[in-house]
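Pulled from Swiss-Prot, these are the features on record:
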ACT_SITE  Glu244  active site
ACT_SITE  Cys278  active site
BINDING   Gly221, Ser222, Ser223, Asp224, Thr225, Gly226  NAD(+) binding site
Amino acid sequence: MTELFIDGAWVAGSGPVFASRNPGTDAVAWQGESASAADVDRAVASARRAFAGWSALDFEARCEIVKRFAALLTERKEAIATAIGRETGKPLWEARTEVASMAAKVGISIQAYQERTGEKRQDMADGVAVLRHRPHGVVAVFGPYNFPGHLPNGHIVPALIAGNTVVFKPSELAPGVARATVEVWQEAGLPAGVLNLVQGEKDTGIALANHRQIDGLFFTGSSDTGTLLHKQFGGRPEIVLALEMGGNNPLVIGEVEDIDAAVHHTIQSAFLSAGQRCTCARRIFVPQGAFGDRFLARFADVTSKITADVFDADPQPFMGAVISARAAAKLVDAQARLVEQGAKPIVAMAQRDPRLGFVNAAIVDVTGVANLPDEEHFGPLAQVVRYATFDEAIERANDTAFGLSAGLLADDAKVWEHFRRTIRAGIVNWNRPTNGASSAAPFGGTGRSGNHRPSAYYAADYCAYPMASVESTQLTLPASLSPGLHF
């Protein structure tokens, strides 16, 4: 089983065998040997050797290879979408959009590098001031399972464009997608060692994160793991650390004219990707009174009709399975804990089969829960909070250590102006789902939701560092000398 990609070749790992499973059927989706610490060391060494040549390559030449990667992704869209669906449970319709986003990321990343970094010159006395940007060197990229193609791609593409070399450690729950993606890079003509793939579980990740020869670490994943990485690298200022983590995201519902539109956007916010987007709304703030009652009744009615099915079902479902049977069980347990604390189920969650990742979309009213835990339940579990005043809704929405996304559904522009000025989040949407984001805009949040703005336009900022120079083409003695100097 040659599932590692090191120095331009597919090789076997020397660590334990592990497997990924289709969460909708429990069938094995991928199996292979993990990378040991020695394998990780070889991958980092390969990236280090390749760095000089890759970073010295003309910018346009690097971009041509990356553009070929995008073209090949488009050609292989269906095969890669199938790999994504098989390992994650994501319906094919959604997996196809993920592949399209991967390809689109290339043009955006090239534009971002040129506009946010690149090279700038300004004439000055006796010379010219030049701003250039240099790659960091070898960067480790850690990918998540929820978007196993798109999210690591959002680190890898801008890193390569800037001239870095990469060691990629994907989620152990989606290694097959990583293999398929790296095969496309190989066919695109990426030189040996520029991108290396190390498959594995926790030990592989620890070996890579602790390696003394990496110059940067780009991570998308849970806030708990990202916080540990932040602590680990707190004493290593030489490492550039880019973290994109989770959120306990609020969606505030105003008394709108079109209740069905509000319900639609709430369902998209809370349950798209089976609630496994870091920007999904976890807390739904609904006004007290008759309007709020009507909204909740309609929200519950439409939610109760959502069915989850296998990724390639015909007709396609809105939701697939969550990533694993274990993840499904944790969500049901989270609901039970909330109920024990005083929450009232509106649409109760249940796991269809203990061997599979299928749960139904659920709504629980947590208004009466004292000291509501500030936790991200990564799945289709929406928590409703009833509010008396708009200021109360904003105050409670901001009562979180996270700050990734937030949304407002309201007809009044003045209400929106107040909301956007007072809410604390990196992505703030009006009359759009909380998980609606533009790849041409910054993506990321405040607080425990991360630092930098990985995976989108601002990724160029952390993939290269600025180098300032003052230059003159000719060495000459100044016309005016400093006091005390005699020539």
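Heads up, residue numbers simply count up from 1 along the chain you see.
Backbone N, Cα and C define each Cβ position, glycine as well.
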Rounded distance in angstrom between the Cα atoms of Ser223 (NAD(+) binding site) and Cys278 (active site): 10
Which of Asp224, Glu244, all recorded positions, has a Cβ with the fewest other Cβ atoms inside 10 Å: Asp224
Most Cβ neighbours inside 10 Å, all chains, among the binding-site residues Ser222, Ser223, Thr225: Ser223
Cβ packing number for Gly221 (NAD(+) binding site), 10 Å threshold: 22
Listed in sequence order, residues with CB under 8 A of Cys278 (active site) and six or more positions away: Asn146, Glu244, Met245, Gly246, Gly247, Glu376, Leu404, Ser405, Ser449
Shell of the NAD(+) site beyond Gly221, Ser222, Ser223, Asp224, Thr225, Gly226, same chain only (C-beta within 8 angstroms of their C-beta centre): Phe219, Thr227, Leu228, Leu229, Met245, Gly246
Three-state secondary structure, Gly221 (NAD(+) binding site) (per DSSP): coil
